[in-house]
Amino acid sequence: MTDLLKTPRTTMPTREEDAGPEVRRNTSPVTVEDRLAVAGALAGSVALTFVLFGWIAPFDSLLGFVVVAYLLFIGLYAVLISLDENRVAVRDRVTAVVWQSLAALLLAALGFVVIYALLRGHRALGHWNFYTQDMSSTGPLAPLTQGGVLHAMVGTLEQISISLAITVPLGLMCAVFLNEVPGGYARFVRTVVEAMTALPSIVAGLFIYATVILMIGVDKSGFAAGLALSVMMLPIIIRAADVVLRLVPGSLREASYALGSGQWRTVWTVVLPTSRSGLTTAVILGTARGIGETSPVLLTSGAAAGVNANALSGPQTSLPLATFQLVTQPQPNMITRGFGCAALLMFLVLLLFLLARVIGGRGPGELSRGRQHRRVLASRRDVERMERRPQRFPQPAAPSGTES
Amino acid sequence: MTTFVPGLTGTEPGPAADDVPRDIRSSPEPADRAFRLVARGSGAAVLAIMLLVGFFLTYRAWGALSVAGFSFLTTSAWEPDSHRFGIAAVITGTVLIGLVAISLALPLALGTALYISEYAPRRLKRFLVSLVDLMAAVPSVVYGLWGAFFLQGHVVGLSRWISTYFGWIPLFRVEGAEPDDPLASMTVYTSSTFIAGMVVALMVTPIACSVMREAFSQAPPGEREGAYALGATRWGMIRSVVLPFGLGGVIGGTMLGLGRALGETIAVYMIISPVFEIQPHILQNGAISVSSLIALRYGSASELGMSALMAAGLTLFVMTLIVNFIASSIVARSRSGAGAEA
């Protein structure tokens, strides 16, 4: 009995004193073997495809080469992984490669679309007259040092201003309505607006053509084009603004009501300032969509070769429409101008987009450093004002959602 | 020690019987009343504009519809002045272009959305999200330019290959093609539904991708980690958590893309060469869509011709409305939680 107790039942782990300092383990999900497998499969597939296309079958086209190489790559990669992993891991690695290559394909294709227009149009963009002249006195065979797209720039500017003048107040007010006056009616409006975001732009153009031009009898003009763009942009802006307004924390609204302010004051001093950056983004993104639309302008304004600053009468072209008109002509210089016009349009959209990112990169309530600073100053002023006030009774602070 | 409740203790003046429920109806002040009026008014204005679009298209289309009657749906020619016009060809063309576009866009958008939400490193992720959103805002005329000037010339080889080896499928048959003759003209493969569909596919992929990525990124992190904790690989986790959760987003995004694809005008118009007959061979020269029909014929249309174009526009409008309505209801249903609604 005592012998049993004396003999230890558990075995103590023996310490290896000479193991040296502990080696840090690699916790990265990507190992060297994975990289080597990818590289090996890639090299093997390219080599095999060369053999196939060079010796066995005739070299047909680059596309065929790439497709065959890709399929071989997937196969070889699966084989390489299966050498030291089980089937589940093989499936995991192969699907990862497939998704990544699909993403790479899409991004490459989209990038190529944009770069192609820049490449073909850069010769036109280099000439200063491209921005300062119109096409009214430029012959079909004139060199690129003559003529430009000033008329289209003027047209785009005026048409988008007209449509913004309509859509910004109406769209934002409607978005506020959807959020602040809820009920069955608001739900119905929201449903209709959501359904209308897919309104084909040509139908918007056709609608304005049927009503404003054919029925009321307004000329084909930049104004009509602005109206058509408004019909198209309105649902987009309302929907985006609606989403932004929905993100305003309810506690902010309730705090404002609890301080005794009415609905209108709450909207004006709490809801709108809180979501200002998001609303700006909504408007800018809607503008970017509107600027690039060709078909409503085609139907309602028509093409003009000269500058027409009067939006109320006469055809007035826009940048996308000018692009379309220029590239459908046979002369190479005209086509180059068209591509230049498209590049200009893309720069404009990029600019608007970057603006939207800079302004709307933060959520509601998140302040930039300048605004935070100003708010601190305002609150300090409030404190001073309250301290100066005679202490008759404890005064609740006014809702200080506004900032100077 | 009981808590002190004002109005319930006997020391308070006034009998409890007087404590009737207070009137909690609010009477808004004039400014609020005006605000609500204006808000309701703007809602009504937007509603009126949107309903007016449908109403006016129907009103203007009525003349043509009453002339053509039921044959509007079955005729494929478009000669309004001799009273022979119908949407059989244009609707078929539109749907075919939409289907080609969506069948190319779906795998691309799905792969990109999965890559961005699941595989991409965090810093790359924000950049890619912005890039895809930016691509959704690139004007369609730019895609049209690329399709007409670059793709048109480079894709005919692929068209020929498909029609040579898969020509036994009616969809891919090309009439008048001579695959055995190396000197045969390739023009029979240009300006086809397939090429237009490819361009439109690139155009709608960013939108579809953006909706899908949004849905995938909302997959609950608890369930993701649960799947990992049970020993799932990343693909296993995606298949069992992310994809089921984001299925609504995938379907909705695809339908939204389809809605955009059906209504696309200028990119299609730049590529196709219009034919007014039912063209089921997607690789063959000649295609048509409702929107390009309108862009093609509105300038030279007579009174009845205009009315007929309105009828075609109305058809397109109703079609995209249905597609978009289904899409948005699927997307809305797939969202769990009502967001930050107070």
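Just so you know, the numbers here start at 1 and follow the chain as drawn.
A Cβ is built for glycine as well, from the same backbone N, Cα and C atoms used for every other residue.
Note: TrEMBL annotation is automatic and uncurated.
So that you can see what the record holds, here are the features copied from TrEMBL:
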type     : residues  : note
REGION   : A:1-25    : region 'Disordered'
COMPBIAS : A:14-25   : compositional bias 'Basic and acidic residues'
TRANSMEM : A:36-56   : transmembrane segment
TRANSMEM : A:62-83   : transmembrane segment
TRANSMEM : A:95-119  : transmembrane segment
DOMAIN   : A:153-356 : domain 'ABC transmembrane type-1'
TRANSMEM : A:160-178 : transmembrane segment
TRANSMEM : A:198-217 : transmembrane segment
TRANSMEM : A:223-245 : transmembrane segment
TRANSMEM : A:339-359 : transmembrane segment
REGION   : A:365-404 : region 'Disordered'
COMPBIAS : A:379-390 : compositional bias 'Basic and acidic residues'
COMPBIAS : A:392-404 : compositional bias 'Low complexity'
Decide whether the stretches the transmembrane segment (A:223-245) and the transmembrane segment (A:62-83) have at least 3 CB pairs under 8 angstroms, with pairs required to be 6 or more apart in sequence. no
At a C-beta cut-off of under 8 Å, are there same-chain residues at least 6 beyond the transmembrane segment (A:198-217) that contact it? List them, or none. 224, 227-229, 231-232, 235, 293-300
Contacting positions for the transmembrane segment (A:62-83) when only residues 6+ beyond its ends and CB under 8 Å are counted: 37-38, 40-42, 44-46, 48-49, 52-53, 89-90, 93-94, 97-98, 101
Could you tell me how many residues in the compositional bias 'Basic and acidic residues' (A:379-390) are helical, how many are strand and how many are coil under DSSP? 10 helix, 0 strand, 2 coil
